[in-house]
């Protein structure tokens, strides 16, 4: 294999640039040419492809977002769209593709694999919801962004003796909520993977207030429901002054943490190794700090699960 491509797809995550950098530099180290595909699968269809050199990825390891840009691409879900994408890959002489993104991006890589084009997926999403890896690129940075926000919210919550509901990202996965809630000392954590008892949450807030607690923090993953609605109900049933903070897209931005930069560098380089070994249709990950790879079809068939021991601990510590 003498020429490979790389693209970023779906929602951006901090560390994607570090992964792109690793792909480019690792490939060039092995005398393999690298082509960047801009705007994800949309750029693949539209032919927005250009050769990348070492200088192309200079000064990006510390930058959030993605140099290659990203976009949703409904057209790629069609057979015609995918065939057009492969046609463009062949036009540039590209023999393998590294896809950096989440489960939707992996689905695109799966479709290309089924058409006979070798792809390797690199998990890049702040949600940490890709099976087969302990961590995804961007999760640690997003987690630290949320923790920083919680710490600041706690300051004002204490000053005004208020209860705060903090809504974080996670439509189907509660890792951001769970990890940030545990690290931030939240009184309650609501995640999509676990049932919750609103009456118990209310009772817990009342108990805290009765023993002189000056503030409370409730973390809600967006997939559970609206933080605003939770805030209204809490205030109505407890008479505690309650405010809601929806963190939104700030969780996706910012300079990647050291952990995410190292993770992205390791996974990006490993993806290139697999392609050069002729192993397409794979996705890479890290488990117990060891690099691993899986059949991308198997990963897409699995469902993300939350760490039940960690969730249980969060419940035990929020008495």
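Placed from the backbone N, Cα and C atoms, the Cβ positions cover glycine too.
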Please state which member of 11, 15, 170 Swiss-Prot lists alongside 72, 73, 102, 103, 104, 105 for binding ATP.
11
According to Swiss-Prot, 21, 22, 23, 24, 25, 185, 186, 187, 211, 213, 214, 215 bind ADP; identify which of 3, 154, 233, 243 is listed for that same site.
154
Per 10 Å Cβ neighbour count, which of the binding-site residues 11, 102, 104, 185 ranks highest?
102
Give the helix, strand or coil assignment DSSP yields for residue 103 (ATP binding site).
helix
Any same-chain residues 6+ apart from residue 127 (substrate binding site) with CB under 8 Å of its CB? Would you list them in sequence order, or say none?
102, 136, 139, 169, 170, 171, 172, 173, 175, 176
May I ask for the distance between residue 25 (ADP binding site) and residue 125 (substrate binding site), taken between their Cα atoms and rounded to an integer number of Å?
22
